[in-house]
Amino acid sequence: MTDYVSTTPGLFPLPDWAKEDLSDLKGHQKGDLIDGDEDAEIATAYDEAREEVVGVQQEAGLDRVSEGQLRWDDMLAHPLAVHDAVDTQGIVRYYDNNNFYRDPVVQGELDFSGDVAGELEAAAEFVDGDDLQAVLPGPYSLSDLATDDHYGDEAEFLAAIADFLAGEVDAFPEVETLFLLEPSLVESAPEDGLDERASEAIDRVASATDADVVVQPYWGALEEKVYAHLLDADIDAVGFDFVAERDDNVYNLQEYGATDDVSLGLADGQNTLVEEPEAIRDRVDWVYEQIPVTDFETVYLTTNTETFYLPYAKFEEKLAALAEAAEIAEVKAA
Amino acid sequence: MTNENKDQFRPDEHENDSFLLTTVVGSYPKPKWLNRAKELYQDPDHGFDEEDYQEAKDDAARLITDEHERAGLDVVVDGEMRRNEMVEFFAHRIEGYEFNGPVKVWGHNYFDKPSVVSEVEYADSWLVDEYEFTASATDRPVKVPITGPYTLANWSFNEAYDDDEELTYDLADLVNEEIEKLVDAGARYIQIDEPALATTPDDHAIVGEALERIVAEIPEEVRIGLHVCYGDYSRIYPEILEFPVDEFDLELANGDYDQLDVFKDPEFTKDLALGVTDVHVGEVESVEQIERNIEKGLEVVPPEQLVVSPDCGVKLLPREVAYGKMANMVEAARNVEAKLDAGELDRGAPATADD
């Protein structure tokens, strides 16, 4: 029987009070953003905000609870932006969105940081290990978002990022699931050769944990070769953004099959229109109708993208809709 | 060669034969007391009421219009003293929009990104009061910047339309209605701001179609500009030459004119409002520096087609820096005109008929 698991790819909006307090405490300029050693007052504000978003997820009834990545001022570039060997430079556009992050320029060896592990330790105070979900940028996206001033070779840089992320994962407390977000696999699809290395890099990170690993590309479907290579990695689930693209995702599933588990991005992480839980459930049925596979072991129901794009109240409503959709799906499947 | 559309803004007392129209993109730093007045107005425990706040905004609009005049600008704006943000301001005035709270742009910079929850409709006029007030506060021509429909659509959550294209066209019809009212009120210089085009350059055809709707039945002598900034212009040029506008207002100083060559081939057939001061640099460029920047424009168009303006709105600069940039820009433009009159400068690109 399929297990329906409601979750998100993390990177939540800050609660509105925290938006205000933290912008007062930190400021508005490039140099004011998170660098990894914020003072006690700022750290306390983040601790309170983290506890709040954990509570929101638990109250909504989500099956996986994320730490929220509220400190990630630079979105998916965060793990590098706080690294000692990285200089954060100009403000650059975050994919095709009206959002910006600081260009992380890698200037030295990417050794262990422990920044993300620290956040998860803090969240673990409020969440059981079998509910807790870790979130990281996938190695391909992180290398795509960064600028290399040290390794000098694309393949070497990607491998170094993968090693770095694997080291970070190794330091995590016990988590049930690890989401690796890989929008760059869609947005700047790797060419021949690089597609295989991207898969190997993902495999390297996934191998560092016993948790279930979900690789979530978004803003479209993977090119078929990229998808085929990704299936070679030792991961538990691939994610599909059915909000942005249906046909090509269905094609990949039909032609190449899937992992035993699958993650379905069925709620729009970038639109305030809140889906009805029944509508989300219907979309699950629709996906099943398109593909030959009769059963997945686990189906993650999630927004297609991060949710920091949304106003806070709409974000809360999206979580509730996902949680309820998973419950309906469960009942129906039984 | 003459350029009637541009020359209607030439001041009677203009000292040089050549005329490089000087203007601004729109926004200007708000006086600190205006922000304080807004806080008092929003404080429910304070007696500072709507009428008081209106008076403060009027005073600020007069002040900044006068500051533009003192800087010597040929065409002035009120610095958008009554506007909070370029999408929010309009979304508050268009039926079909609702607000659900702030969203992140970058770091701790947020904006109240609105949601379109039903078909958009025109209710009260958006800018006629603003225009009439500014026009009464100065003898100079007044430009009216309006956020374009593509940006209004793209920087909103779309809950109601099948796609952003459909929403863009509906909004374009509303912008057209507003421009008709502005023209009736006397406005002759309208600038459509479409910064979102830079983020999604593949949609230039949508922006073009929206502009066709915007200018429908607007008299030809009304000058229509299009402002675009911070993008890869090679992805929209030369296609934008087909747009039904008189002028393109482009940010180019920030990149030190590294994209200038894009506009040299094919020939630039519209007027070029060239960004000649960088709004992301806190120092005032010297007159000589700005002269060199203006002369860059002459590599693309002849003087008759050249307009001089900052890269973008200057609202994030300290006010004295903003003023310094305006004043130096005007001085530089007059110097370049004098050099042109004296035959000291290459008149640049071959003159073309301005359609």
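Note that the numbers count up from 1, one per residue, in the order the chain is shown.
Placed from the backbone N, Cα and C atoms, the Cβ positions cover glycine too.
Over in TrEMBL, the protein carries these features:
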| type | residues | note |
| --- | --- | --- |
| BINDING | B:H227, B:C229, B:E251, B:C312 | Zn(2+) binding site |
| DOMAIN | B:21-334 | domain 'Cobalamin-independent methionine synthase MetE C-terminal/archaeal' |
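Close to the recorded Zn(2+) site, the chain also has B:V25, B:P195, B:V228, B:Y230, B:D249, B:L250, B:G275, B:D311, B:G313: residues not among B:H227, B:C229, B:E251, B:C312 whose Cβ is within 8 Å of the site's Cβ mean position. Taking each of the binding-site residues B:C229, B:C312 in turn and counting other Cβ atoms within 10 Å of its Cβ gives the largest count for B:C312. Annotation note: B:C312 (Zn(2+) binding site) sits in a coil segment as assigned by DSSP. Around the Cβ of B:H227 (Zn(2+) binding site), the number of neighbouring Cβ atoms within 10 Å comes to 27.
The average per-residue pLDDT of the prediction over the domain 'Cobalamin-independent methionine synthase MetE C-terminal/archaeal' (B:21-334) is 96, rounded to a whole number.
Annotation for B:E251 (Zn(2+) binding site): spatial neighbours B:V228, B:C229, B:Y230, B:G275, B:D311, B:C312, criterion Cβ-Cβ under 8 Å with sequence separation of six or more.
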